[in-house]
Amino acid sequence: MMLQRKNGLRAVAAGALVVSGLLALTACGSDDNSGSSGGDASKQAGNIKCEGKGSLLASGSSAQKNAMDLWVRNYTAACGDTQVNYKATGSGAGIQEFLQGKTAFAGSDSALKPEEVTASKEVCTDSQAIDIPMVGGPIAVGFHVGDLDKLTLDAETLAKIFDSKITNWNDEAIKKLNPGAKLPDLKIQPFHRSDESGTTDNFTKYLKAAAPSAWPHEPGKAWEAKGGQAADGSAGVSSQVKQVNGAISYFELSYATSGSIPTVDLKTGAAAPVQATTENASKAISEAKIVGKGKDLALQLAYDTKAEGAYPITLVTYEIACEKGNKADTLQATKSFLTYLASEDGQSVLKERGYAALPPEIATKVRETVTALS
Amino acid sequence: MSETTPQHENPPPPDGIRTTGADAPGDLPRAPLAEARGTGRIGDKIFLGLSRGAGVTLLVIMAAIAGFLAIRASHALSANEGNFLTTFTWDANANPPVFGIAVLLFGTVVSSIIAMALAVPIAIAIALFITHYAPRRLSGPIAYVIDLLAAIPSIVYGLWGGLFLVPHLEGLYKWLDDYLGWTKIFAYHDGAARSLFTVGILLAIMILPIITSVSREVFRQVPRMHEEAALALGATRWEVIRMSVLPFGRSGVISASMLGLGRALGETMAVATVLSPSWDIVPSVLDAGGGTFAQNIASSFKEASGDMGKDALIASGLVLFVITLVVNGAARLVIARRKEYSGANA
């Protein structure tokens, strides 16, 4: 069954190359069950350069899992000879497996730490591991206040809410930011992640950078503040927001979209409050500085940006591979796969899963770096 | 193997290990074993070797687990900058690591106590109903349904608890707060009911089938003569249960409860799904917060990193291991004391 489907898809891919005019027809005619994006898969197939064979193992960040699933599906549809297997084990475990030489590359929510770079010299012959930014995404702040569907907050109010300093939805500070909104007398129930997470890391970094006086805690993967409730995983916190009246929490935008949870517009200092959308996140990422040395493209995000339409609570996840000295048997496949991810096609499909495409200037650098991998 | 059984009184396998070398002479019931070893039949030798091997393997596995836990834990403990027993935080990934089990110990013990307090009386009542009150036609299906509860995976209990139980408990908690709020233990300050008490209720439901089915079997073993004797003395049905069934079954019920407690102490996914963990001890069991050993391991393991991240979790696992051993040991002591006058040796 599997085999048949794969062959079917490969046939579609071949068809795309030969008679691109008939593409739409073939795609519709095949028994591809991947839904509306099935057409996408075969369209991308035409531009993917397949190299290498066999299975490509990778693991790491669960924040980029949905993007990876989509990419892997598109890629294997075009390159049937390569089986890409991405396990969302969490960034920590992913980096560890990469450093032990078990995987071809790792996905991570944060750039490598200096000691991890040092450790990477063992797997990367005569070289070291580098960070390649690949997926960006807005971290939405979802809320559940009766049937209110629009709410504007600024960094300081947000920080005070999550620090349990503002505890009622009809607080003056919230009222001032939302003139005209009907704010009920309801206890605010802020939810944070109980597990360590890159989402928490980025969210607290934002609070610290944009509202240093209101957020006294150290940013990090583990939640440091007291008060509020905790739940496991993005799925856990978003389902709590859906369930509990008065709740507010932070998670990747895709969870808000799929759960139809309204999200907070941020007052950043720009002319108008900024909505949590993938385009606005891309704009904020383009404000980021590259702080990695040499080929390393680690980014420093501008959390306190006031740029027009830039949504500052963003997350950038990296792929981590060796600059030189990647394992010979998987090098070709790794390069081919990463080239697809960084390509226009690879980046443009991200939107449908709630991720933000890399801004052009960073994407160009990423492509250069990937091409130079050896 | 079955050919040899009629000729010798087949000793249960564990005896084969206990008697090795030490006490071949002496007490009568053991004599056939010595004889069996002497016949030199191949079947006997193979069986002896197999059963002895099985017993030894079990001990080796236990020792290996304990050794592994102890070694990894000692790494973490020697690097720990905080006090392992009194620190209210878990920064095991940091360098240097600071972590302590105070919150976990408290949460594990409290949630298990709540679970036992709720589950044991209900389980005994169900077991008594099945064995002594229910008509035969009804007792079979009830027992079957109870056993079925044990087959539900714990993550399913967790999802049910998180999505159904939690929103429906708020009313109960408000009621408890109204009448018992002054005790501070049952105070409730609004918020989603994702507390240790909710965990206790969920665990109670999860351990109910184990305790019920073992108790049921024990109550079935009560010698008919005991009950009839009590009836002959003019006892009512409740008095029969009180005078002959419960004393006879007491050690069995304690063993059953320990099995249940074992599951409650170690339950992972259901707790991680339902509890809202925090690193402080909340005075009220109805308010969200706290944590348990297994829940913390499940939540923290994915992102455990650094030199000590995983070892620290293993150290907390070792504590859970020790708690389980202590609890089981205590239960055995109780059972051993009861045995003499209950007449239950099974």
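For all residues, glycine too, the Cβ spot is worked out from N, Cα and C.
According to TrEMBL, the feature signal peptide maps to A:1-24.
The annotation domain 'PBP' is assigned in TrEMBL to A:53-344.
The phosphate binding site annotation in TrEMBL covers A:SER61, A:SER62, A:ALA63, A:SER91, A:ASP109, A:SER197, A:GLY198, A:THR199. Of all the Cβ atoms in the protein chains shown, 29 others lie within 10 Å of the Cβ of A:SER197 (phosphate binding site).
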Residues from A:SER91, A:SER197, A:THR199 facing chain B - binding-site residues, CB under 8 A: A:SER91, A:SER197
The domain 'PBP' (A:53-344) [mean pLDDT, rounded to integer]: 91
Same chain, 6+ residues apart, C-beta under 8 Å of the C-beta of A:SER91 (phosphate binding site), given in sequence order: A:GLY60, A:SER61, A:ALA106, A:GLY107, A:SER108, A:ASP109, A:SER110, A:GLY198
